[in-house]
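S.K.: First the structure, which I've put down as structure tokens, then a few questions once you've had a look.
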């Protein structure tokens, strides 16, 4: 009997060791499924004031995210608009070997395939652009009164002129007014919603938190002041000014530049120390605010430490030349390329040295369009010849 118990304990220990060394899979964020599928609203159209959530969408959210949706009616529609982040990702990488392809699954963590299991540059961009998308859409939704729990940003106060008109002091030539996009709400809610599940205990979780924060920072710091003049005969005696979000295309351009200059990182020595080395009790859970208090250092000691708006990654990217079903990589076979370019969209790089084929095709397009009063645009149909190069 004693031998039997020893055998059982040995087997259990072996299983525990195996489970401990097995890498975590499916690191992608489940909420991505909302943005992909599109949730029109979380208010019931039948009973006003009653919250409604599609069961399929309900399954993509964690408990905290469902609570945030209940407490802030209208946010799911704003989160769904983060689908622009997917379109922007595909726009930025349409001429690259990895073109940010997504899968038609509702379960969000599978949208980009299992490449998100890898701590590479592409994963860093995915996390940053989706976090930025939520921040951007929420800030705008507040201005449009689409969310019950937030409004325009009225934190700006009127300012007196620095150069008084006509020598009179305190003559206001411009003032804050209008309706500013509520970047404060968008930033805070994105932190609460997007970062749910990222406890900041492992290096990979710290990477995700850093890149999520970088995406939000790009939206926040690129806010622009817009003004409208008021006065007699076109004069600008008074200007009403407000803060406006940048276009999401400009956010995508900035993050793409950060992608090209992303930093490979590791934990700093202070973060590597165990609680026992610091004579502290090991916490059961990292406090919410403390999970952002970490320092990543460059993998190459000759490089500078990454800033708050830089993208960071942990490992080299996989190859994108050949199809890899396990990682969801489609490969570059059949991709269009530019035979005159020496850049990443050129046939030499895009086709990974396999060569390419050239086809001539005829397409029918609208041309010679003219405007006729009122109000019609008439076009002719032209048959044009196009030369298309595709990778072998």
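Just so it is clear, glycine is given a Cβ too, placed from its N, Cα and C backbone atoms.
As annotated in Swiss-Prot:
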type: SIGNAL; residues: 1-16; note: signal peptide
type: DISULFID; residues: 89-100; note: disulfide bond
type: CARBOHYD; residues: 99; note: N-linked glycosylation site
type: DISULFID; residues: 142-150; note: disulfide bond
type: DISULFID; residues: 152-179; note: disulfide bond
type: DISULFID; residues: 227-241; note: disulfide bond
type: DISULFID; residues: 229-236; note: disulfide bond
type: LIPID; residues: 233; note: O-palmitoleoyl serine
type: DISULFID; residues: 321-352; note: disulfide bond
type: DISULFID; residues: 337-347; note: disulfide bond
type: CARBOHYD; residues: 338; note: N-linked glycosylation site
type: DISULFID; residues: 351-391; note: disulfide bond
type: DISULFID; residues: 367-382; note: disulfide bond
type: CARBOHYD; residues: 368; note: N-linked glycosylation site
type: DISULFID; residues: 369-379; note: disulfide bond
type: DISULFID; residues: 374-375; note: disulfide bond
S.K.: Please report the three-state DSSP label of residue 347 (disulfide bond).
M.R.: helix
S.K.: Through the lens of DSSP with three states only, how would you label residue 179 (disulfide bond)?
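M.R.: Looking at the DSSP assignment, residue 179 (disulfide bond) belongs to neither helix nor strand, so coil.
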S.K.: When you tally the Cβ atoms that lie within 10 Å of each candidate's Cβ, which of the disulfide-bonded residues (241, 351) has the highest tally?
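M.R.: The most densely surrounded of these disulfide-bonded residues is 351.
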S.K.: Measuring Cα to Cα, tell me the gap between residue 99 (N-linked glycosylation site) and residue 89 (disulfide bond) in whole angstrom.
M.R.: 8
S.K.: Name the residues of the same chain, 6+ apart in sequence, whose Cβ is under 8 Å from the Cβ of residue 338 (N-linked glycosylation site)?
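M.R.: Sequence-distant Cβ neighbours: 95, 345, 346, 347, 389.
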S.K.: Using the structure shown, find which entry in 152, 352, 367, 391 (the disulfide-bonded residues) has the sparsest Cβ neighbourhood within 10 Å.
M.R.: 367
S.K.: Name the residues of the same chain, 6+ apart in sequence, whose Cβ is under 8 Å from the Cβ of residue 337 (disulfide bond)?
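M.R.: Counting only residues 6 or more apart in sequence, the Cβ neighbours of residue 337 (disulfide bond) under 8 Å are 345, 346, 347, 350, 351, 356, 389, 390, 391.
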